[in-house]
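What TrEMBL annotates here:
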type	residues	note
ACT_SITE	Lys120	active site, N6-AMP-lysine intermediate
BINDING	Asp37, Thr38, Gln39, Tyr40, Asp41, Ser86, Leu87, Glu118, Arg141, Glu182, Lys298, Lys322	NAD(+) binding site
BINDING	Cys416, Cys419, Cys434, Cys439	Zn(2+) binding site
DOMAIN	596-674	domain 'BRCT'
Amino acid sequence: MSDIIDPDIAKKVENLKSELQKHNYHYYVMDDPQISDTQYDKMMQELIELEAKYPMLSTPDSPSMKVGAEPVKKFEQIRHSVKMLSLDNAFSDSDILNFDRRVKEGLMADEQILYTAEPKMDGVAVELVYKDGRLVSASTRGDGETGEDITSNVKTIRSVPLLLQQNKKEHIIPARLEARGEVIISKEGFKRLNEDMLSQGLALFANPRNAAAGSLRQLDSKVTAKRPLEIYFYGVGEVEGISCKSHWDWLYALKELGLRINPYIKPKININAVCKYYKELEQMRSGLPYDIDGMVVKVDSVQYQEQLGTKARSPRWAVAYKFKAIQETTKVLDILVQVGRTGAVTPVACLETVNIGGVNVSRATLHNEDEIRNKDIRIGDTVLVQRAGDVIPEIVKVIDSARNGSEIIFCMPQNCPSCNSQLIRDEKESLIRCVNNSCPAKTKAQIEHFVSKRAFDIDGLGEKLINQLFDKKYLSSYADIFYLDKIKMEGLERMGLKSAGNLFEAIEKSKNINFARFIYALGIRHVGEHIAEILASKYEKYEKFCSATYDDLKNIKGVGPIVAQSIIDFLGREDNLNNIERMLNSGVIIRYGENRKSTTLDGKIFVLTGTLESMTRNEAIIKIKSFGGKISESVSKKTDYLVAGKSPGSKIEKAKAAGVEIIDENKLKIMFES
């Protein structure tokens, strides 16, 4: 290949890089998207193809780096120029007032001190180093002095700019900038990630923080690129070329340089306002799109920070005001195993009911046999259990001092508890699996998946009713749902005429379904929502999908050989094809992308605040998106509607100031119905 590049091609590549970087800034930092996701993806694909054809035009700061680089054998160490310190904790207003007193004593000052308060995000602390505006390295916090080099992985995070940008003359590009931030996975991203893991028969992540940490420590950055990681910046280390007089000025400078900061920061407030904002933030907590475990309070003046200095492991000018613990101790009464739709056998701890954060908890997932062994969890143990946001309760640790010798060591069964088939251990996935395709527990779980919100969304057909129908032999596969007898249903326990009518109405309504959701509903192992969307886009029609070959499938970006083989195995089973044929014969209509009816929500941007009563936040988001609407985390001039539930946060005032229409839950439901 010639080294001479057509100047028009080179210019095209540079323009694509520039445009993609600009759109990343508008989307992630300003929360003000300028183009659709489809347009963005087309530009990215064009850049990837051009760089593949002309490798000499590919640079380390190209937006195409977001797809991942070659795997590394191990993580190298990076020493921080300025220590990444931990924070002292405060647990009450009196602790915060004492912190304020210590600050004043340290400064020998009587005047009011101004603080900046920001949500304490529950993620992984990282440091990104930019030289002359170009990202050159990224590392974990590690022990505070030295962290691991995770540059390749961080480059895949969509909200991380590979090049800084200059928006205003007063914010010049610094010669060196060490920007510190928190890498997180949002609640919605975590839910989707675990659903994807479940669909692939892989072990689930315990919580968003663990998922974020595990994603950053992948030796293969292509794996990291598929994880829904986000970053919010909260401070700086060593900086050359610019200076700021206050912490808030630093944060504002970071934002102007293209680095995303948290929209809920309260700058330059006195200590009483800090205590007030803590209570507001605690109320807002459940409605935020990500987990927070408190609030970080920092002296705003950089001069004062320098005067106060640091202790061995924490600064004297900052403190973490933690929320009330959502951990409690309880007893493990038993350990049961449940069989999922892919045959994965998962242990579950049955607990003495305990109230954690206002929710009664009686079960906790144990994920797999390795976790039981590593944590040495036994029947009869006293354990510490935690629940965070929407995360499934988990056992944090065993209270060893409470043991009395009567505890029983748990062993995973050799045979399936449902069908008695011999279980097979999958060493790659640390899972034990039932491989019997006729296993009743697997079939029930497949039906539960089929009717779930993100699949056919059949309201009223829950676990208890599925079990009842299965036991009476009214259901033996998901296709049977569309052939249920209404008269027989009315005779079921707790069913009745009205309930049966509602159920059949929901079944009828579900028959018109988007192609991607249809594929996802089939429950093909390794095929989560994202891959289902890729397949629907690629094959466009069900008939084309059914005739796909292994070679076709494995070469699709995002699919690969393992998923391809799983799809071929599924389509190669006669019972699966019979079920699909029966569904289609019952009147199920697959709605292909180009045929989706337009709605009043098409292209509209929604922001949610407060707690909804008739649906969860995630359910509202799913419905809005299914009708063509878009979701944003914060209010901007582009926002069309703010949906306000109970105990709304500060978004209400921002919406009023921006002239955004504020609607309640009832108005949103009317929009859905229309």
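Each residue, glycine too, has its Cβ placed from N, Cα and C.
Note: TrEMBL annotation is automatic and uncurated.
Feature map: annotations from TrEMBL on the structure.
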| residue | record | contacts (Cβ under 8 Å, 6+ apart) |
| --- | --- | --- |
| Gln39 | NAD(+) binding site | none |
| Asp41 | NAD(+) binding site | none |
| Leu87 | NAD(+) binding site | Val296, Ser314, Pro315, Ala318, Val319, Ala320 |
| Lys120 | active site, N6-AMP-lysine intermediate | Ile292, Asp293, Gly294, Met295, Val296, Ala320, Tyr321, Lys322 |
| Arg141 | NAD(+) binding site | Met84, Val124, Ala125, Val126, Glu127, Gly147 |
| Lys298 | NAD(+) binding site | Tyr115, Thr116, Ala117, Glu118, His247, Gln305, Trp317, Ala318 |
| Cys416 | Zn(2+) binding site | Val339, Val345, Gln422, Leu423, Cys434, Asn436, Cys439, Ala441 |
| Cys419 | Zn(2+) binding site | Cys434, Asn436, Ser438, Cys439, Pro440, Ala441 |
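Take the mean position of the Cβ atoms of Cys416, Cys419, Cys434, Cys439, the recorded Zn(2+) site; other residues of that chain with a Cβ within 8 Å of it are Val339, Gly343, Pro417, Ser418, Asn420, Ser421, Leu423, Val435, Asn436, Pro440, Ala441, Lys442. The domain 'BRCT' (596-674) scores a mean pLDDT of 81 in the predicted structure. The DSSP secondary structure for Gln39 (NAD(+) binding site) is helix.
Its own atom aside, the Cβ of Cys434 (Zn(2+) binding site) has 24 Cβ atoms within 10 angstroms in the protein chains shown.
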